Amino acid sequence: MLSEESGYLVQVELDVQDCFFESFPEAAQASGYMDSQVSPATWQDWFHRWLEILDSSLPPAPSYEIGLRLTDDTEIQAINAQYRQQNKPTDVLAFAALEVDLPQNPEMVAEPLYLGDIVVSINTAQRQAGQQEHSLSTELAWLTAHGLLHLLGWDHPDEESLIAMLQQQVVLLEAIGININVNY
């Protein structure tokens, strides 16, 4: 059903925490992050569009909740060490709140469904954007789309599943007007 207030088929409640800017405003300014910063309204729009595309893989719910935390290499390294036993920074982490085959009872279907949290390192995203020769905002969209797919049960334990996931990320970015070249 199309929501009159937003014009979207799928409703999403997004909590964006820009810890990178809040913790390091001078570094954010010096690094050019401020010029590439994605507004909360833009993130909200992107997630709406992405979830509409991925609607067939969503459990039924009146709306979906997602947390997005933008941080630095130091914090993401600590999180990576704590939860994945990898004591090094990474680009994106996703913490799914649901098991993929979780049975849904009627009470669960009536409430907003919390999908999980995505954590992105701005430092790593900046490096990767430079290596890929595209903007920081493009890299942030790419990494966040990757995290969203993980929240929905996608994984890439082998080359074939990685290629399928990367192809889906390309589709998601095209939906928000970002064209990206990926070498599979």
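A Cβ is built for glycine as well, from the same backbone N, Cα and C atoms used for every other residue.
Because the structure is a prediction, the values reported are computed rather than measured.
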* Asked: Out of H134, H156, which does Swiss-Prot tie to the same Zn(2+) site as H146, H150?
  -> H156
* **Shell list (Zn(2+); ref centroid = CB of H146, H150, H156; cutoff 8 A)** => V92, A94, G147, L149, W154, D155, M165
* Based on Cβ atoms within 10 Å, give me the single least packed residue among the binding-site residues H146, H150, H156. => H156
